[in-house]
Amino acid sequence: MGGKPAGEEAYGKPVKHDPSFRGPIKSRGCTDVICCVLFLLFLLGYAALGVVAWAYGDPRQVLYPRNSTGAYCGMGANKDKPYLLYFNIFSCVLATNIIAVAEHGLQCPTPQVCVSSCPAALWVVSQGELSLTVGEVFYAANRTVCRPGVPWDMPVLQSLEQDLCPSFLLPSTPALGRCVPYPNSTQFEFPGIPGNTSINQGISGLLDSFSARDISVKIFEDLAQSWYLILVALGVALVLSLLFLLLLRLVAGPLVLVLILGVLGVLAYGIYHCWKEYQVLRDRGASITQLGFTTNLSAYRSVQETWLAALILLAVLEGLLLLMLIFLRQRIRIAIALLKEASKAVGQMMSTMFYPLVTFVLLLICIAYWAMTALYLATSGQPQYVFWAPNTSFPSCEAVPVNASCDPMAQPTNSSCPGLMCVFQGYLSTGLVQRSLFNLQIYGVLGLFWTLNWVLALGQCVLAGAFASFYWAFHKPRDIPTFPLGAAFLRTLRYHTGSLAFGALILMLVQIARVILEYIDHKLRVAQNPVARCIMCCFKCCLWCLEKFIKFLNRNAYIMIAIYGKNFCVSARDAFMLLMRNVVRVVVLDKVTDLLLLFGKLLVVGGVGVLSFFLFTGRLGLGQDLESRPLNYYWLPIMIAVLGAHVVASGFFSVFGMCVDTLFLCFLEDLERNDGSAARPYFMSKALLQILGKKNAAPPAGKGKKP
C-alpha cells in the first residue's frame, strides 16, 4: 500500500466495459459553456471592430492615387482620369517601399494632376510659347495636364510661375496608377532643372520598384493562356490522391515494406559512402588536430573524424531500424492493418474527402475578413491639408502660413506667393479610433489566430465523429449511420463550440508568443551577441516544441470529445493517458503513417510536376495554343500546378491522417473495453483480430441491429 503504481496504472486505469456504448454518444450536453460564451462575446467584438473599421476607414488611399487637392484619380469627377501626373518628377523624394509610395505619394513637393493617359513623348515649353496663352499651347494641342480651373486666356508664363501647368512632359508609363517616366540616360535641358540631372537620377529607386510591370503583364498572359491546363493538372492531382488512398487497402502492406527497405537501403549506402570517404582521408592523414577550430563548417568535410562520426551515427540508426523490424514486427502489422481499415472507412464515407473544401472556405473567410478590417483600420481618419510653397524665402511668401491647415477647394489666401498650394498631408490621428488604432489592430490579430484555430479544430472534431461512427458499427456498413458527416457536424456545433474554442485559445496563446519572440529577435538581431542568439534560439525551439505538443494533444482531445462528448480538459487527459498506456504502438503507427503519407505526397506532386512540364512545354500536343504561341514563362504554371497539387494532396491526406488517428484511439479503447466474449465482443476488423490472435466468441443477441 502506498507504493508507486506500476505499469499501465501509472497512466490511469484501463477503460471499463459499458454494454450500452455504441460509438459516438448521442445523448450529451454542452461542454465548456464559459469558454463558449467568451468566444461568442469575442466574435461580437470582432464583428463590431469590422463595423467601426468600415465606418471610419478609407482604403481608397492605397487603391487610388490622389492629386494635389486630395481628390482621387479614377473616381467621382476624375472617373475618366485614372492616372496621376507629377509636374516635376525630379523634385520627388520617394522611398522604394511600394506601400509607402502608395500611401504617401502626394507628399511629393510638386503639383500633381489626374490625367486620362500618361504622356507618350517628350515635350518642353519653348521660349516662343511663353508669350502665348494656355489654351493655345496646352488645350489646343490636347494637353489636358494643367490643374483644374486654369482659364484659356491665361499666359503660359504666368501659369508656369504659379505652378498651374507643367513646363515639360516626359514619356511615361502607368505604375500603381502613377505616370512614371521611362529610364533614359540622355541629358535634357528642362526649365529650372540642372543640366546634369538625368531622368534616372530624378526617379532613383522608384522605377526599380515598378520594373516588374512588364513581367506581370507577361505572367497574366501566360495564366490566361494556360488556365485550363492548370485545372487539368489539379484534376489529375485529385484523382491520384483518391486512387492512392482507396488502393491502400490492397497495397498498404507491400508499400510499407518497400518504403522500409528503401530507408534501410539509403542508410546502408550512406554507411558505405562514409566508410569510403573515411578511408581516403585516413590514408592521407587528414585529421581534425591539423585543422583546429574554425567557423568554416565546410572545412570539416576534409577531415576523417567527420566521416567517422557520420558513419557511426548512420550505423546506429540502421541498427535501431533493424531491431525495430525484428522486435516490433507485430506492431508494424497492426499499423498496416489500421491503414487498410482507414482506407475502407474513407471508401464508405466519400463525403469526408471533400470536407477540406468546407474548411478551406471558412479559413478563406477568416483571412479575408481580417485583411479587410486591418486595411480599413489602417486608413481611418479625416484627410488633412496644409499650405505649401516651393520657396518661402521670397519676400511675397514671408507671410504665408506654411504647414497651416487649409481648404483645398478654396483659393490660397496669398496668391502672390509663387507656387503656393494647399496639399494633402495625411490623415488625422486625433480621433478615438485613431488613438486606439494599435490596440484595435492587436484585437484583430488575436481574432485572426483564434478563428483560424477554431475552424481547424472544427474540421478535426467533425471528421473524428464520422470515422468513430464507422469503427463502432458492429456490422459494417449496415450499422453505419446514414449521414455520419452531417450528424457529426451538427453535433459538434451544437454541443462543443466551447471546447473547440478552449483548445484553439490555448494554441493561439502559444502562437502569439512565438510571433512576439520572432518580432523581438528581428528587432534585436543586429545588437545580439552569440550568447544572446543562442538563448533566443533555445527559446524559439522550446516554443516550437510546445506548439507541436499542444497540436498533438488537441487533436486527440477532439477525437475523445467527438466520441464521448466530455469537456476539453477531461478529453485531453483521457486521450493522453490512453496513448501513454500504448506508447510503443503510438510511435510505430505515427512513423509508419508519416512515411506512407510522405510517399503519397511525393507521388502525387511529382507525377503532376512531370505531367505539367510536358503539358506547358507543348510536348504532349494537348495545348494547341501553346504549340503555336509558347508561354513566356512556362515554369510559372508548372509551379502553380505543383503547389496546387501539394494543397490538394495535403487536404486529402489530412482526412486520411485524421481517420487513422481516430481508428487508432478506438482500437486501443476496444482492446481495453472488450475481451472477445459473447457479452463483450471486439468491434475491430477480422484482420486485426487475426494479427492479435484473438476472436469473438459469438455474435451477441441484438448486436448489430439498428436502434
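Every residue gets a Cβ built from N, Cα and C, even glycine.
Heads up, TrEMBL stuff is auto-annotated, nobody curated it.
Residues or ranges marked as transmembrane segment in TrEMBL: 33-56 (among others). For the transmembrane segment (33-56), same-chain residues at least 6 beyond its ends with a Cβ under 8 Å from one of its own Cβ atoms are 369, 372-374, 376-377, 380-381, 431, 433, 440, 443-444, 447, 450-451, 454, 497-499, 501-502, 505, 568.
For 227-248 (among others), the entry in TrEMBL reads transmembrane segment.
Annotation source TrEMBL lists transmembrane segment at 255-272 (among others). Under 8 Å from some Cβ of the transmembrane segment (255-272) lie the Cβ atoms of residues 248, 310-311, 314-315, 317-318, 321-322, 325, 332, 335-336, 339, 592, 595-596, 599, all in the same chain and six or more residues away from its ends.
As annotated by TrEMBL, transmembrane segment applies to 307-328 (among others).
As annotated by TrEMBL, transmembrane segment applies to 354-378 (among others).
Annotated transmembrane segment per TrEMBL: 454-474 (among others), in sequence order. Long-range Cβ contacts of the transmembrane segment (454-474) within its own chain (Cβ-Cβ under 8 Å, at least 6 residues beyond either end) map to 21-24, 39, 341-342, 345, 348-349, 352, 355-356, 358-359, 362-363, 366, 480-481, 484-485, 487-489, 491-493, 496, 500-501, 503-504, 554-555, 558-559, 561-563, 655, 658-659, 661-663, 666-667, 670, 681, 683-684, 703-704.
Residues or ranges marked as transmembrane segment by TrEMBL: 495-517 (among others).
Per TrEMBL, the feature transmembrane segment maps to 557-580 (among others). Tertiary neighbourhood of the transmembrane segment (557-580): same-chain residues 11-12, 15, 23-25, 28-29, 31-32, 35, 457, 460-462, 464-465, 468, 488, 491-492, 495-496, 499-500, 502-503, 586, 661-662, 665-666, 668-669, 672, selected by CB-CB distance under 8 Å and a gap of 6+ residues from either end.
Look at TrEMBL and you will find 592-615 (among others) tagged as transmembrane segment.
According to TrEMBL, the feature transmembrane segment maps to 635-668 (among others).
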Check: Out of 495-517, 592-615, 635-668, which stretch touches the transmembrane segment (227-248) the most, going by CB pairs under 8 Å?
Finding: 635-668
Margin query: Let me spell it out: take the transmembrane segment (592-615), skip the flanking residues so only those 6+ beyond its ends count, and list any with a Cβ under 8 Å from a Cβ in it.
Written below: 229, 232-234, 236-237, 240-241, 244-245, 248, 252, 255-256, 259-260, 263, 332, 335-336, 339, 622-623, 626, 637-638, 641-642, 645-646, 648-650, 653, 656-657, 660
Checklist line | Chain residues in Cβ proximity to the transmembrane segment (354-378) (below 8 Å; excluding those fewer than six residues from its ends, i.e. six or more beyond) | finding: 49-50, 53-54, 56-59, 62, 433, 437, 440-441, 444-445, 447-448, 451-452, 455-456, 458-459, 462-463, 485, 651-652, 654-655
